[in-house]
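Taking it in order: structure first as structure tokens, then the write-up.
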Amino acid sequence: MARRRRPPRPGAISELPPLKIASQILALQSLYYLFSFILLLFSALAAGTPFSLDLVLGWQSIRGDTTQGWLCGFLAVLNGGVLMGAAIVVLIGRSKLVTDFALSLHGIHLLVAWFYTGEIPKNMAWWVSMITASIAGVMLGTWGCRYRELKPISFGGNGGNNNNNNQHQRQQSQPGELRNSNEIQRNDGEEEDLEQGYSRGRGRGRGRDGGGEYEMVDLPGGEGSNSR
């Protein structure tokens, strides 16, 4: 008896081709360093401190004993958690792939900081910032992707709005159509009465079923009418 194959584990490897995975990781990593560069440059100019690539690629700037270190840690969480979470929603858009891409993003940054400085990060504040940013990125990215996945899809562009407008116009035209149909039926009834020799009037007793004010009698010398 042949052994059953195990189903593939859900993840980025089984969902996307390797080339697309590499391009998406490269795009996320580029956005990560671009936003980090912009945020740290703005903070350095606002604080009047010198700016260097050590703030972007290194780990020594994130520390808990200085105000500048706390600011760099906050910007790292803002960039890696909030901004990258939104970037994952836009670029990836799959809730079950968010964890893979978010952890890969911060894992690559760990390797970059390690090779740039020549040593493993030693500041506890740096590790806390990276872990917090990873958790925030996974949570926000998963929530955003699930929101997009559960959002109802409308086919045909403005088809739903057109259907609503047509239904509203149909409802507005129904009273007029009913009045027209009633008038047509009344006119048909009057024509039928005229063909059968009856006439409708507004007076009482002038209908087909009423006693009538006139009656036809036969005369000996010919046809005529006598009124009472």
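Note that the numbers count up from 1, one per residue, in the order the chain is shown.
From the backbone N, Cα and C atoms, a Cβ is placed for every residue, glycine too.
Note that the structure is a prediction, hence the values are computed from the model and not measured.
As recorded in TrEMBL:
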{"type": "COMPBIAS", "residues": "167-184", "note": "compositional bias 'Polar residues'"}
{"type": "REGION", "residues": "158-228", "note": "region 'Disordered'"}
{"type": "TRANSMEM", "residues": "30-48", "note": "transmembrane segment"}
{"type": "TRANSMEM", "residues": "68-91", "note": "transmembrane segment"}
{"type": "TRANSMEM", "residues": "98-118", "note": "transmembrane segment"}
{"type": "TRANSMEM", "residues": "124-145", "note": "transmembrane segment"}
For the transmembrane segment (98-118), sequence-distant contacts whose Cβ falls under 8 Å of one of its Cβ atoms, 6 or more beyond its ends:
11-12, 24-25, 28-29, 32, 57-60, 80, 84-85, 88, 92, 130, 133-134, 137-138, 141-142, 145
Counting only residues 6 or more past its boundaries, what in the same chain has a CB within less than 8 Å of a CB in the transmembrane segment (124-145)?
59, 62-64, 69-70, 73, 76-77, 79-82, 84-86, 88-89, 92-95, 98-99, 101-103, 105-106, 109-110
